[in-house]
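Database features, via TrEMBL:
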TRANSMEM  25-46  transmembrane segment
TRANSMEM  76-96  transmembrane segment
TRANSMEM  116-134  transmembrane segment
TRANSMEM  154-173  transmembrane segment
TRANSMEM  185-204  transmembrane segment
TRANSMEM  224-246  transmembrane segment
Amino acid sequence: MLGFLMVGYYLNYVAKFRLQKGQSAGLAVPLSALCFLIIAATQVMVNLLHLQPSRWEGVWTQAKSALADPTFVPRFLHFLLASLAMAGALAAYVAVRRSKTQGQTAELADMARFGVKAALYTTVVQLLVGFWLLLALPSPVLSGFMKGGAATTLPLGLGILAGIGLLVVLAGIRDPLAEGTKVRRAMEFLVGAIVLMIITRHQLREVYLAEWKPLEGAQVAPQWGIFLVFLVTFVIGVALTVYAMVKAATDKP
C-alpha cells in the first residue's frame, strides 16, 4: 500500500508541474487516481477483516476470498464518495475564503461552483449507498445494532438528517462566492455528519466483535522486532510527509 501511495503522490506532482507549464498532464492524473483507489479498496478490505476474525483462516488459504464480503462494495463506495464530497465542499469553502482577500475572480468562482457541484452530486449518491450498506450488513450485526436502542439509532438518525441537511443547503447554492454563509453551513453539516458516522462506525465495530470480547484478556507475546519496523517506518513516513508538504508549498516549476 505504501508503494501505491508514493507512486500516486509522485504522479500528482508530475501532473501539477506539467499543468503549470501549460502542458497536458497525460496519464499522470488517471494513474494517480487509480493508485489512490487501490489504497482505498485495500484499507476497506483490511478494516473488514479486522471486524471478522472468523474469516482470517479462509483468507489465509485463499486470498481472493477477502473480497467476498457483501458489504465490501458499498463500504468502498461509501468511503470514496465521502472523500469526494469533503474535497468538493472544502474546495468551495477555500474559494469563498480566498475571495475575501483576492476578490471574486473568475478562477475562484469556477473553483467554488465545481466544489459545490461535486459535493452535491456525490452526497445524493452517498445517501443511497449508505442505505445499501446498512441493508447489506449481516443480519446478526444489524439486529444487534438496532437492539442498542437510542444509544445506537440516535447517532445514525442524526447522521442521516445531517446528510439530508447538507443536500438541501448545497442544492440551494446558486452563486457560491456571493453565498458564503451557505457554503460555510454546508461544511458544518458535512463535518457534523462525519462525526456522527464515526460514532456509528465505532458502535458497529463493537457489535461485530462482541463474540470475541472474552479473548481480550488473553496473554500475548509482544513482537518487538515488528514494532520497531513499524516505528521506524512511521517516523520516516511523517518526515517525508512534512517534507512533501513544504516542497509542494514552496517549489516552482
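The backbone N, Cα and C atoms fix where each Cβ goes, and this holds for glycine too.
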Problem - Contact call for the transmembrane segment (185-204) against the transmembrane segment (25-46), three or more Cβ pairs under 8 Å - result: no
Practice task
State the residues, same chain only, that lie 6 or more residues beyond the ends of the transmembrane segment (154-173) and have a CB under 8 A from a CB inside it; answer 'none' if no residue qualifies.
Solution key: 85, 89, 116, 119-120, 123-124, 126-127, 130, 179, 182-183, 185-186, 189-190, 192-193, 196-197, 199-200, 203
